[in-house]
Amino acid sequence: MEVTALELPIHKHPLYPSTRFLYARCEGCRVRGHIYGGYRCNDSGCYNNANPGGSFHKECGESPSEINHPSHPEHPLTFNAKTGYKRCHLCGRLIRSGYCCAICHFVIDMACAQKPPPPPAIEHPMFHEHSVVRTKEAPLMDPCKICKCLIDEGYPYECLTCKDVFHLDCVNQSREVNHSSHSSHILEFFTSESLPENAEKTCILCGEESENVLYHCSKCNFSICIDCKRNPPPLTVQHTKTHRHTLSLLARRVSFTCNVCGMQGDRSPYSCIQCSFLVHRDCIDLPRVININRHDHRISLTDHIGRRGNLKCGVCHQSVNQYCGGYTCSTCPDFVVHSSCPTKHRVWDGVELQGIPEEEVIPPFKVVGDNLIQHFSHENHILRLESDGTSTRDEKTRCEACVSPVYSDPVYSCEQCGFILHKTCANLPRKKRLPFRNIQFKLYAPDMDSYEAFECYACKTMFSGFRYKAYRISIDVRCGTFSELESYDFHDHPAVYYNDKKASPRCRACHQRGEMSQHMLSCNDCDFALDFRCFNLPRVVKHKDDEPPLSLCYGEDPNGKYWCDICEGETNPKDWFYTCSHSGVTLHVQCVLGDFSFLMPRRMIKYRRYCKFEVVPNDHCSRPFCACCQSRCIGPFFLKISNPEIIYICSEGCLKEKIIIPFIEVRSTI
């Protein structure tokens, strides 16, 4: 049976009932925690990293547009989705939406609207020997005496005798509870450090490891976290698309293989005894048809993957069990994905596509004749294909899309204005999904009358060619054409996308770790890693017109010291470097390319809206001095800026120090 969308006053888009298990922030009450059997929004604009699919608790999604609340009996309160940042009169949290009184400007958040107002004082609190009073002072980032977590928002309760502070929800909770997931015994409140060393300190239900407090049964060594105590999962779930029978919660530690995703689990599956069916709770009510950022086509959920040419997951690149369910592509028979991998917030845009027609693919150009096209980036003129290699060009002739030299590659060119595109660049798709974000990117060409440079989100390179853009994120077309699991000449194994700010590996080419390493290529078979700036290094470079081309060398074991022929400094042979097969010279990558090799030469270019410069080839007899570092500009290009006097900049670092940072400092004082 198809799920019907509901028009509810709480949200601007239709909401769909959902039996999915999520850990998210409810868009109604703005409380982060477990959401079971709530509502979801199917609009991609409501999806972000903290909120999978615009999620709502059931009671929040069904909240009325107007209420009468005992905290403000004088007037009714009306729900306002955009209150601006105001402080709830009851709990003190800063909120952006809530129930407001149009007359008194009284406002409370949705969580407070669903329960009685908190008492101003508690004479005999459950967890403290003295009475406590509710303070209306801003939180001081002190830890709650009970749960040990910082009180970073809301009005706390305070003991005036010993000055301890408490969360509103902690100070009066019970020391013992009868919980639906463990009805045989009472669960008692414990701090983690007070439990024996061998006691269970992770929640049996959700797997959360508690560093502070939990509820525990000493007889069964059964523990649950505070969140699962307050918001227990349902004991039974009915979802026929996952399984035809009712599923029951098996609340215990148990090793099992999930019948939906084929992955191992260690606790609290939902089960059907008569079918011997076990499933992770996160695998219940998975979306049926979706787009992900690892594939160009839609993928569909299937109960049985079956035999296929490639049984490696297209997201995590681990083995997939052919006898279990997963996602497959009807266009690409070898593409498969684990059931649990594509719904991660970094991969999926949150939109379920079942019943939604496929989006029309708009080609990048129209064919208007034999070898003639009208490209979207240059609609006023016709481009002609030159593919025979007879029109050999030099380093100065560059593709408008990738800003790389053309040489004798097949190109489309404009006879009227000299506009040139590589044939491959002319065929770049107008829309594309990239692993850097879960949203769809669109291809943009620079305005021919006003060129603008940007910093690529993936490789951090200044670039003035075509870009793939989504919201405020821009990816240059070199990074935008990266494909996972392809074989490259710099490594023996296929490369995959890697992004982990907490554990950035060291780039094999430059041996740097840091800002450049947040987006990387890595290898599943060894410890090889490469940042995107080094991945995009041109394999062949013409450094000087009258000299042989330079080739990129992927490092080597040294027999002696190497020296850069440009800066005369020592070259680390384990780093990638450029070399000439004729002369044997070695050169630093930075000395050969500099920071401005992917800005179109001889053009006036804007950068960050307030900086404008000309990109000048450094091919004169005398090299200018940089206005920032006072050194000669040694790179192949430098910037010429009227500020209002003419100055020269040698590197991106000097550009930021001389122009950008002073501008920001001046603007901040206005």
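Every residue gets a Cβ built from N, Cα and C, even glycine.
All annotation found in TrEMBL is predicted automatically rather than curated by experts.
What TrEMBL records for 75-120 (among others) is domain 'Phorbol-ester/DAG-type'. DSSP assignment over the domain 'Phorbol-ester/DAG-type' (75-120) gives 4 helix, 13 strand, 29 coil.
What TrEMBL records for 146-221 (among others) is domain 'Zinc finger PHD-type'.
The domain 'Phorbol-ester/DAG-type' feature in TrEMBL is assigned to 243-289 (among others). Each residue of the domain 'Phorbol-ester/DAG-type' (243-289) gets a DSSP state, and the totals for helix, strand and coil are 6 helix, 19 strand, 22 coil.
The domain 'Zinc finger PHD-type' annotation in TrEMBL covers 257-317 (among others).
Sequence annotations record features per position, and here TrEMBL assigns domain 'Phorbol-ester/DAG-type' to 379-431 (among others).
Summarised by DSSP class, the composition of the domain 'Zinc finger PHD-type' (398-460) is 4 helix, 23 strand, 36 coil. Annotation source TrEMBL lists domain 'Zinc finger PHD-type' at 398-460 (among others).
The feature domain 'Zinc finger PHD-type' is assigned by TrEMBL to 506-568 (among others). According to DSSP, the secondary structure content of the domain 'Zinc finger PHD-type' (506-568) in residues is 7 helix, 15 strand, 41 coil.
Mean pLDDT of the predicted structure over the domain 'Zinc finger PHD-type' (146-221): 88.
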